[in-house]
């Protein structure tokens with residue numbers, strides 16, 4: 001392997017790794033707040049790229065129908081529950097989150113995104129569509145069993161993934177897509193040639209991680225999330241609702257998923273079911289941080305990106321085998337590092 | 001009578017099932033064979049998920065290991081399928097043991113995700129391996145031969161799979177009723193119960209995982225020789241998820257749930273495909289959406305699956321099994337002379353960061369006495385309790401048991417030395433009978449393991465262990481509750497079952513953590529009488545209690561803790577007169 005090839009692989013690795021960093025960050029966030037290993041995060045990423053591609057092709061993206069259907073179901077469930085309890089505030093909140101907001105986004109996506117609209121506008125609507133899916137997923141799948149063990153939540157998450165990918169095939173079809181990214185001539189730094197896409201992805205990832213850390217340190221809802229993550233029951237006693245914390249975590253997950261999809265779309269061809277493998281790669285990274293420590297998780301995710309890039313050069317057919325076998329030494333290391341964890345009863 | 005009929009019902013069902021090839025069309029026979037192949041895998045999952053509380057998303061890969069190992073051996077190396085069977089089972093066991101060893105120490109979702117990654121790796125590995133025919137797979141696998149007869153026809157394949165399924169179900173049910181089975185059943189609530197009664201919980205989690213993998217490999221072996229070709233498709237993650245769905249939907253708690261789930265999901269899937277494909281096109285996978293939604297609804301509403309619902313629907317009131325005859329097993333330990341110390345602690349200390357929960361505490365408990373430990377909330381009683389029972393390591397200080405110094409020992413070792421405990425928050429296996437819960441405490445008094453249980457060599461020992469448990473249940477006054485599910489007993493009875501379970505371990509020192517909490521007045525009187533009897537037997541009893549009156553009447557000596565320190569120790573009368581004690585309890589000197 002020459003230096004040039006290594007440099008290109010390294011770039012690829014870091015760029016993919018930057019997206020995995022976002023993924024791992026979200027996985028850690030969602031896990032610490034809700035104890036859910038959020039496997040469908042990968043689906044949100046794939047759906048985001050597929051949505052943008054549909055807008056580019058001048059179609060109505062299938063996401064619109066997924067959102068409309070999901071919101072309607074969530075509205076019936078949440079509204080019905082609130083009405084049964086004669087809880088006016090709950091009714092209003094359900095009407096807002098599962099009624100008005102999704103309706104507005106769906107209508108915008110249907111009528112206000114012509115084929116010749118600027119790329120940024122399409123990206124913005126894509127983000128809105130995907131972000132809105134986050135809390136709906138939480139309401140439909142996880143909220144009713146929020147107190148269950150992580151294992152039950154994990155089974156629910158995997159079921160949700162299979163549900164999403166089966167709708168995905170239905171509304172997006174089996175073809176893969178690539179979306180436009182940061183265009184323009186590559187940058188030359190000394191001997192190195194760096195594509196704009198790479199720089200753009202890394203910069204966006206850094207900015208997002210920075211914003212997230214600001215959100216946790218400065219904003220009240222960020223602090224509430226941290227409190228809920230640290231001690232769910234304690235947080236509830238001081239007035240932080242676990243449900244609200246879960247919903248916030250899923251809004252953040254949706255938003256970052258949408259942006260990740262837009263970032264990774266130009267680098268790899270994405271299919272309706274690409275999300276699963278993508279999500280698991282982020283997960284391998286997150287496990288390095290024991291699903292709890294952000295910087296370690298980010299480092300792990302970066303490592304996954306690099307291993308993947310070099311593995312696809314040396315043994316491209318075995319790329320995924322190598323990445324997922326990587327989890328074995330990582331788990332072994334975690335198992336030695338972490339003291340015995342006592343399982344909760346089901 | 002009813003019981004006897006029910007005991008023979010499975011055999012009757014087997015006989016009816018064996019007639020199936022005469023009645024079904026070849027297509028139906030094939031579907032039935034697939035259902036049974038899936039049910040074999042699901043039975044393993046019942047053992048692992050429903051019983052021991054672990055989840056695998058990679059069971060199809062273990063099926064694949066079984067199928068590919070035997071396929072390669074019987075084609076490339078032209079070996080007998082029976083050698084393939086041994087190799088298939090051994091490979092799956094070794095792989096599962098490796099994955100298990102790495103992850104069993106961590107909480108459950110790590111094992112689940114490790115199996116998921118294993119499944120993906122396996123799929124791509126066999127799909128790219130030249131030796132294994134890449135994604136085309138291996139063809140021309142020979143059928144299984146018995147003597148000179150090759151099991152080539154659909155009916156023969158059906159019979160082979162049916163026999164294997166019957167064997168797996170029979171074995172699983174036998175295992176679950178054994179000594180090892182009781183330990184496995186306790187794991188769903190965590191490893192605390194197992195460890196407190198001298199059993200290695202992690203090792204048993206590993207046993208359940210390996211057993212499930214071996215069952216899956218058996219199904220894979222059958223698949224390869226019935227189907228006569230293999231390719232990677234049926235061994236990927238979607239298939240693993242199907243197995244898990246079948247198990248959860250059918251009912252992961254019982255063996256029959258596996259069969260129900262496999263039958264329901266397999267047939268429903270075909271029906272759904274038939275319904276959906278004309279409407280949505282041949283490539284539609286919307287059936288998956290239906291199953292995902294069904295799965296989520298099941299998790300929300302009926303986590304134990306359909307089998308228990310079905311049982312409730314036809315309200316199958318099984319008459320209780322006959323009460324086992326009580327056997328008073330002689331103690332296997334040398335009883336210390338009454339009055340001599342059983343446990344002695346000197347200058348024990350435990351801190352959590354800056355907080356010193358137990359500070360320089362010295363005391364001893366003597367054979368034939370009840371030592372009461374009192375103290376307000378946060379006084380350090382529970383920490384002290386955990387230090388003695390081996391649940392928590394101490395920061396400094398000495399501890400000795402029956403004259404032997406204890407360096408650093410865990411709960412498991414303390415039980416083996418002769419210490420048994422109850423829990424402040426009752427920890428019983430709720431869906432196991434009171435008798436079996438008590439027998440859990442006697443695990444250390446038996447020796448038969450997995451192999452003995454499988455071969456039926458554990459009958460005599462089981463009779464002794466269950467008899468001993470029944471004797472102890474009678475002693476705490478619950479002889480007639482033996483076969484009731486522990487979780488359905490009132491709290492007072494649950495506490496008594498916990499005491500019986502502790503006694504089953506044949507202890508010399510009994511640690512009771514607030515045994516009177518939540519008991520009614522007459523129940524407290526009964527409990528007090530029982531404790532006095534046990535004291536008369538020469539047992540040393542350490543009693544942590546809130547109820548001052550209850551302890552003062554019972555205890556020979558009292559020790560009072562406050563802010564982690566021992567503030568008084570002596571006769572109940574003296575201690576109650578102690579000024580510092582009165583301050584701790586009432587805020588001011590009375």
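Backbone N, Cα and C define each Cβ position, glycine as well.
The transmembrane segment annotation in TrEMBL covers A:18-38 (among others).
According to TrEMBL, the feature transmembrane segment maps to A:58-78 (among others). Under 8 Å from some Cβ of the transmembrane segment (A:58-78) lie the Cβ atoms of residues 47, 50-52, 90, 93-95, 97-99, 102-103, 105-106, 109-110, 114-115, 126, 129-130, 132-133, 136-137, 139-140, 164, 167-168, 170-172, all in the same chain and six or more residues away from its ends.
As annotated by TrEMBL, transmembrane segment applies to A:90-113 (among others). Outside the transmembrane segment (A:90-113) by six or more residues, the chain places 55, 60-61, 63-64, 67-68, 70-72, 74-75, 78-79, 81-83, 121-122, 125, 128-129, 132, 135-136, 139, 247 with a CB less than 8 A from a CB of the stretch.
Residues of the same chain lying 6 or more positions beyond the ends of the transmembrane segment (A:119-138) and with a Cβ under 8 Å from any Cβ of it are 34, 40, 44, 47-48, 51-52, 55-56, 61, 63-64, 66-67, 70-71, 73-74, 97-98, 101-102, 105-106, 108-109, 112-113, 160, 180, 246-247, 249-255, 257-259, 261-262. The annotation transmembrane segment is assigned in TrEMBL to A:119-138 (among others).
Here the transmembrane segment (A:150-173) has Cβ contacts under 8 Å with residues 34-40, 42-43, 46-47, 50, 54, 61-63, 65-66, 137, 141-142, 272-273, 275-276, 279, 344, 346 of the same chain, all six or more residues outside its ends. What TrEMBL records for A:150-173 (among others) is transmembrane segment.
Positions annotated as transmembrane segment by TrEMBL: A:193-216 (among others).
Residues or ranges marked as transmembrane segment by TrEMBL: A:237-263 (among others).
Long-range contacts of the transmembrane segment (A:283-305) within the same chain, counting only residues at least 6 positions beyond its ends with a Cβ under 8 Å from a Cβ of the stretch, are 12-21, 23-25, 27-28, 31-32, 37, 39, 209, 213, 323-324, 326-327, 330-331, 334, 337-338. Residues annotated as transmembrane segment in TrEMBL: A:283-305 (among others).
Summarising the annotation, TrEMBL assigns transmembrane segment to A:317-336 (among others).
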Based on Cβ pairs under 8 Å, which of the stretches A:193-216, A:237-263, A:317-336 lies most in contact with the transmembrane segment (A:18-38)?
A:237-263
